[in-house]
Structure formats: structure tokens, C-alpha cells
Amino acid sequence: MKKSYLATSLTLSIAVGVSGFTSVPAFAKTKIDYHKQWDTPQYIGEVWEPEGAKGDDVVWSYLEKYKDEFRIQGNVEDHFEIVNEARNKETDTKHYRLQEVYNGIPIYGFQQTVHIDADGNVTSFLGQFIPDLDSNKQLKKKPKLNEQKAVKQAIKDVEGEVGEKPDFIQDPEAKLYIYVHEDESYLAYAVELNFLDPEPGRWMYFIDAHSGDVINKYNMLDHVTATGKGVLGDTKQFETTKQGSTYMLKDTTRGKGIETYTANNRTSLPGTLMTDSDNYWTDGAAVDAHAHAQKTYDYFRNVHNRNSYDGNGAVIRSTVHYSTRYNNAFWNGSQMVYGDGDGTTFLPLSGGLDVVAHELTHAVTERTAGLVYQNESGALNESMSDIFGAMVDNDDWLMGEDIYTPGRSGDALRSLQDPAAYGDPDHYSKRYTGSQDNGGVHTNSGINNKAAYLLAEGGTHYGVRVNGIGRTDTAKIYYHALTHYLTPYSNFSAMRRAAVLSATDLFGANSRQVQAVNAAYDAVGVK
């Protein structure tokens, strides 16, 4: 029977027993939110006792319980794979990340999270599940294209985007998925094209495995758009390495290293490792890239116990002096790249601590929630980078103010405190719904940015009063949500759920932090 909906979802309540524990949501009923399009659960909140199941079997038993709601025929283990299990030592909770599969093929971006409290009870499910794929006969057929032909199709198309064949950083590869786009499911190859010439790009292509048509494409490259001395003349201290009589911008004390290179105004990466004879560095762009990468590493390590962007100490590599008068900084999937700016729109972009932290947070997001860089999930991707940029550079709530329009005092790229001051929405009712900027990823980030600001600082917005909880607790909530709850296609509603669940995990179901999260998202119109 088809369910009826209000707004984007319907909440179904099923009576269950009440848990007396405050470490998990105090649900008197099971709450299920259904996805508007697929009519399957996108959120389940409850306290469910597994009755003797242990380890992964808890997850499988839980999914078995809801197989009818997911419209699953047969074994649930044929429809999901457990791709990650993480234990939070602070809360003694477990967090499982799942991947939906069909005939052994992963459905691109369709991941789910299942969460287990300290007593072994399942407390929530969050994510998207697409049902009834058996009805699409094309998904059962063998691909007519092989991986090599799919790559060729993508390269041919991107040549039209950039004007010539790019010089790829690494050889492009194709991976087979089931890809859902505009209400249709396709057997498709995902092809990532990463290049620097003739212009930097990190394009994601989805090629129909039968026809060779381009189903969807978008550029994932994030644009900022808009002792030694740094770009602003400030003196910084940072770790280097000495080899013989030469000093190198190479820090071996953090993870597997932090290294800073120069492209010498060319476009080859990583370029040349920065060196000096007396360990007093005068290249401001290099000093800032190195020192700011160290500070960002220290923040995530000391505050969130994360060892580099991948959690395993990966080398943080930065290149400055990229190209000539280049007004951009970006994470290309393996390293940071900074232009020198043109002196009018931008100073050297590594001079902004919040810019460096913003870009490195993209690397963290890529290794955790994997938020797809389009539409609402892309706006959340951008917002997470803004939020942690403001947490690392914590003297204000502006982004890029140190390096943007140096001739104009008080200017910035964005504001978390007042997104509207820079043309960005501060309420869901004002969101951008067009196709520019990958569906408004830099614009609509203002909605979640405003919620984060209100959560930290408090205030009244659209008639809703929020009692702030401070930057520290706010950062803990968003980091927990990013690493444990959000999935590739999470939207704003899922962000609210993830933040509430994270605040519950960290501070308790009846805490002022949970109340503040709910108020903050009420204030920006996210239900």
C-alpha cells in the first residue's frame, strides 16, 4: 500500500518498550522516516535489543527485522555489505557503515549507517536504500562497454569541456556501479579524470555501460572563488628537516609528514621541495602553507584524535606558487594546491588559515562521509569545510577574510554568522534550486553554516531562540556526524538527524546540546 506524505517524508510510529537509559535517544516509539521517492526507510530511531546476537550479526538481525519495509526479497546480506565498523571509545558506541549492492554491484553513493549503544542495542539507521531493482532488466545484462571504452568516452567529453586533451595526473580508471540519476537506474561506469593542464580539473563521469552515453558529469575540484614570515608579514615558527647543510620544508613529527613544495609558477605537481640554507624562511606563501597545514593537523589530532586527513597519518603535501596570478586553492584528491592570487582579488591563498583548514577538511570528508559534490550533499560538503575552517581559525566566523580583496577592508568570501551579507541563504526557504555551481554547493552551504553558528553562539533567527553551546561542543557534534552518521547523498534533513544523534551520543538524549541542535535547525527551516 502506498503511503501518503507531508513535505519530504512521513513519520511512522510503532509502539515499543521505553528505554530508561539516557545515553541513547529516549524513544517511546519507533520512528521511521520514509524517503519520498522510494518509500523505504531513510531514518529509523528506536532502542532495539538484539536478543543474543553479537558483532556483525546484530546488524544483519536488525536489517532482517525491517526487510519488508525495505521491500527486500530473499537474504538481506545479498543487498548490503558492511564496509566499515568504528568504535567510539568516548561513548563506547559502535557505528557500522553499509553499502547497498545489487547482484554484487555497489549502488553509487547509497550507503547507510547503523548505530549500537554501549549496551549493545541498535539505536538508529540513517541512509538511503533503493528497492525493486529487479524490475530494471538493463541492470541484469552484461555491459556492452568495457572499462577502457568507458574511459575513452569520458576523455572525449571532457576535451569538449576544457578545449583539449588534458594531461592526467594518473591514468584514469573505470569502476562498474549501478548509478541512480533523475529517477532512473543505470548500469554505469564511474570515471574520475584528475588533471592540471590545460586547467585544473577533477571531473567525475558516469558512462552508461550499454550505450556509452554520458549520464552525468561534474567537476569535484573545490574553488575558493571567489622561523619565517607569512603572507601578511607575521612571524611563524614551524618544524623543518635538515639534511647536510640544507633545510627542507618537511615536518617528520606529525603523522607520516607534512611537506611543502613550489611549482615555480608552473603547473606540474608536486613541484620542487622547498629548501633553505639558514632555516629562516622568507617565502611567505610557503611559510603559511606549511605552518597552516601543521596547525590544521594539530587541531584534528588534538581535538578529534584524527591522525591526518585519512586517520592513518597520510602525508599532507602542499604546493605553492601554482601557475601565474592564479586566484584559487584546491584539494585535488591527493594534495593541496595554492595560487599566488592576482594581488587584487586574492593574495597568495595559503595566507588564509581558514582557507587551508577548509581545503584539508574536504580531504577528511572524502575519507569519511564521502558527501557527493552536487546539490544538498555538496552544500553540506562545503559547509563542513567552512565549519572546521572556522574552528581552526577561531577568531571570527568569516571565511577567507585575510586573503580576499586586500584593498577592501572587512571583506570576506563567506560568513557563517551572517550568510546573507555575502549573498548566501540563511534559511531553507531561500535555498538556490538551479543547476549552477553543481546545484548551489557554495551558495546553499549558508543554510547549514548558519545552523552551526547558532548552535555555537546562540541567538534568535526567524523567531526561533537558540541557546548556544560553544565552539568546542559544536565541533564535537559536527565531527561525530561527519565520521559516523552522514552518507554520500545525505541532505539537509539527514544533517539534522545526524547532528541530533551525535549530540545524543556525546551528551545524552535530554542534554542542552540536543535541545540546541533541534532549535538551530528549526531556526534555519530544516525539518
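Glycine is no exception: its Cβ is also placed from the backbone N, Cα and C atoms.
According to Swiss-Prot, the signal peptide annotation covers 1-28.
The feature Ca(2+) 1 binding site is assigned by Swiss-Prot to ASP276, ASP278. Listed in sequence order, the residues of the same chain lying 6 or more apart from ASP276 (Ca(2+) 1 binding site) and placing their CB within less than 8 Å of its CB are THR240, THR246, TYR247, LEU249.
Around GLU401 (Ca(2+) 2 binding site), the same-chain residues six or more apart in sequence whose CB sits under 8 Å from its CB are GLY352, ASP354, GLY410, ASP411, ALA412, LEU413, listed in sequence order. The secondary structure of GLU401 (Ca(2+) 2 binding site), as reduced to three states from DSSP, is coil rather than helix or strand. The Ca(2+) 2 binding site feature in Swiss-Prot is assigned to ASP354, ASP393, ASP396, GLU401.
The Zn(2+) binding site annotation in Swiss-Prot covers HIS358, HIS362, GLU382.
What Swiss-Prot records for GLU359 is active site. Mapped onto three states, the DSSP output places GLU359 (active site) in helix.
If you look up Swiss-Prot, you'll see ASP393, ASN394, ASP396, GLU401 marked as Ca(2+) 3 binding site, on the strength of sequence analysis.
Note on ASP411 (Ca(2+) 4 binding site): other Cβ atoms within 10 Å of its Cβ, all shown chains, come to 13. Feature annotation from Swiss-Prot assigns Ca(2+) 4 binding site to TYR404, THR405, ASP411; the stated evidence is sequence analysis.
Residues annotated as active site, proton donor in Swiss-Prot: HIS442. According to its DSSP assignment, HIS442 (active site, proton donor) is coil.
Within 10 Å of the C-beta of ASP396 (Ca(2+) 2 binding site) there are 13 other C-beta atoms, taking all protein chains into account.
The binding-site residues shown are HIS358, HIS362, GLU382, ASP396; of these, the one with its CA atom nearest the CA of ASP278 (Ca(2+) 1 binding site) is HIS358. The recorded positions listed here (HIS358, GLU359, GLU382, ASP393, ASN394, THR405) include GLU382 as those with a Cα within 10 A of the Cα of HIS442 (active site, proton donor).
The Cβ of THR405 (Ca(2+) 4 binding site) lies under 8 Å from the Cβ of THR344, THR345, PHE346, ASP411, each of these being in the same chain and 6 or more residues away along the sequence.
Here nothing among the recorded positions HIS358, GLU359, GLU382, ASP393, ASN394, ASP396 falls inside 10 Å of the CA of TYR404 (Ca(2+) 4 binding site). Taken residue by residue with DSSP, ASP276 (Ca(2+) 1 binding site) is part of a strand. Closest by Cα distance to ASN394 (Ca(2+) 3 binding site), from the recorded positions HIS358, GLU359, HIS362, GLU382, is HIS358.
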